[in-house]
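**Student:** First the structure, then my questions, so here it is.
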Amino acid sequence: MDYIGRKWSLILVCVPYIISSLLTILADPGNIELLYLSKICAGIGGGMSTVAMVYVSEICHENFRPAILCLNSVFISCGILLTTILNLYLDWRSLSYCFLALVLISGLVLICFAPESPHWLINMDRTANVNKRMAKAEKSLKFLNRNPEIFEKEWRVLCQVRTRYDETRNKKALWRQILTTRECYKPLILLVILFTLQQFTGVYPVIFYAMQLFKEVGTEIDESHALVFLGIIRFGMSVVTTVLARGFGRKQLLIVSAAGLGVSSILLSSNLLMKSTFTNCAIQSNEYLVTPNESMRLDHSTWHNEMQVPPSAFNTSYTYQMASNMSTHEYNSSEHDAPHRLKRHRQNWNVPRSKSCVDHSSLSSDWLSLLFILLYVFFSAVGVIVIPWTMISELLPSYARGVCSGLMISYGYVCMFFMVKAFPFAIHSSVIGTFNVFGLVSFTLVGFVYFYLPETKGKTFVEIEKYFS
């Protein structure tokens, strides 16, 4: 984006998306390799789409920049919601036709009419000398700001942030500036910490594994319609965040969002702990306690192999269901090929269940868990999912915005990959412990944002750079 410009980079982003859609359309359902290649191309396009945030931040007035940057999350949520709705009526190949048409219209038609970023033209356009770059930047800025007074103000700001051509032409000089100047390395450090805390709040794994979580808390809900419902929540809250971004600062929204995540996580883990106490099930270990006339412990693999009980990554709701069935069903050795040591206990295998235990588990616990998961998704969309990505293009100086934004997006995706892959193992080890960690990280994020993260609402790029320098 620094070498060919923001506009041409936006057009270039469409190429891997178009290839991905074409490969999906042409792929045979049995040819899984071609589908993998299609998804790789889509992933490349997703990584390249970083340029959209940089472009939007550079063409917006500082009063409108927070809200317009939040539109990125609105459009992502809208795309996810649109996909889940179309999935109810169309097959996957027809969906690919829809996506191909959308990319062709938005990428190759609408972007062609968009102006180039004035910040890039005045700072990094290698195709022209200084005077021509100034003239191009002035023309682009006039196109974006038709009001003469606003144009004059924006032009003065643009001239203030203009860097010398020779300073960004050499790669070594650019990296030396990134690593040695306070206005660059300080926001980079803040962004690394912000993204680390954002990812370890668990917002993305919880959303990606939401359907499994719904099933494990004991709710009977159709998967396709549940995905639409989740999409509506995310889309609605993204719109609300965009509206709030103009009236409230980044710090306020992030603090409210992170605090809500922390409370939701602690409430969910507390509810699961209460449920495990009432059902006399050890959720936090891989053992199940059977309490007949004499007690014995069976590990997870024993239940699966010897009693034909399907394993569960989330031990909560299934354990209660198993205990409930055992309390009313006498183990029949003729139905199950269990070893002799289990047959000795086949009679009176009853888990003591008080009336309060039944009432709590059947009437409130599962639905409370579902409510806390929905609250978790709700608060995540208020700020923690949205704002860190938008602050990349606000905190970094113009001469390093292209390179450093790519680095930060890459770091964010690596952290996301790690969390999404580790989440099933963490849940299998301890549901309660996992959400307690999420809650602790969320409250840590509240403190970090309050004490260290600067407010960018209503500030120009010059003011933000002066703050760090």
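Keep in mind that glycine also has a Cβ here, set from the backbone N, Cα and C atoms.
According to TrEMBL, the record shows the following:
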- 1-457: domain 'Major facilitator superfamily (MFS) profile' (DOMAIN)
- 7-28: transmembrane segment (TRANSMEM)
- 34-56: transmembrane segment (TRANSMEM)
- 68-88: transmembrane segment (TRANSMEM)
- 94-114: transmembrane segment (TRANSMEM)
- 188-214: transmembrane segment (TRANSMEM)
- 226-245: transmembrane segment (TRANSMEM)
- 252-270: transmembrane segment (TRANSMEM)
- 367-387: transmembrane segment (TRANSMEM)
- 399-420: transmembrane segment (TRANSMEM)
- 432-453: transmembrane segment (TRANSMEM)
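In terms of burial and nearby residues, how do these features look in this structure?
**Tutor:** Beyond the transmembrane segment (7-28), the same-chain residues lying 6 or more positions past its ends with a Cβ under 8 Å from any Cβ of the stretch are 1, 34-35, 37-39, 41-42, 44-45, 48-49, 51-52, 55, 92-93, 96-97, 99-100, 103-104, 106-108, 111-112, 114-117.
Away from its own ends, the transmembrane segment (34-56) comes close to residues 1, 6-7, 9-10, 12-17, 19-21, 23-24, 26-28, 65, 68-69, 71-72, 117, 389-390, 392-393, 401-402, 405-406, 409-410, 413 of its chain (Cβ-Cβ under 8 Å, at least six residues beyond either end).
Same-chain neighbours of the transmembrane segment (68-88): 52-53, 56-57, 60, 95, 98, 224-225, 227-228, 231-232, 234-235, 238-239, 241-242, 245, 381, 385-387, 389-390, 393-394, counting only residues six or more beyond its ends whose CB sits under 8 Å from a CB of the stretch.
Tertiary proximity for the transmembrane segment (94-114) is limited to same-chain residues at least six positions away from its ends with a CB under 8 Å from its CB atoms, namely 7, 10-11, 13-14, 17-18, 21-22, 24-25, 83, 86-87.
Cβ atoms under 8 Å from those of the transmembrane segment (252-270) belong to residues 201-203, 241, 244-245, 368-369, 372-373, 375-376, 378-384, 387, 431-433, 435-436, 438-440, 442-443, 445-446, 449-450, 453 of the same chain, restricted to positions at least 6 beyond its ends.
If one looks beyond the transmembrane segment (399-420) by at least 6 residues along the same chain, the residues whose Cβ comes under 8 Å of a Cβ in the stretch are 1-2, 47, 50-51, 53-54, 57-58, 123-124, 163, 167-168, 174, 177-178, 184, 188, 191-192, 195-196, 198-200, 202, 204-205, 208, 388-389, 392-393.
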**Student:** Short question: which residues 6 or more past the ends of the transmembrane segment (367-387) have a Cβ under 8 Å from it?
**Tutor:** 70, 72-73, 77, 198, 201, 203-204, 206-207, 210, 213-214, 217-219, 230, 233-234, 237-238, 240-241, 244, 250, 253-254, 256-261, 264-265, 267-268, 271-272, 275, 316, 442, 445
**Student:** What residues in the same chain, six or more past the boundaries of the transmembrane segment (432-453), come closer than 8 Å to it by Cβ-Cβ distance?
**Tutor:** 190, 193-194, 197-198, 200-202, 206, 250-251, 254-255, 258-259, 261-266, 268-269, 272-273, 276, 283-284, 384, 423, 426
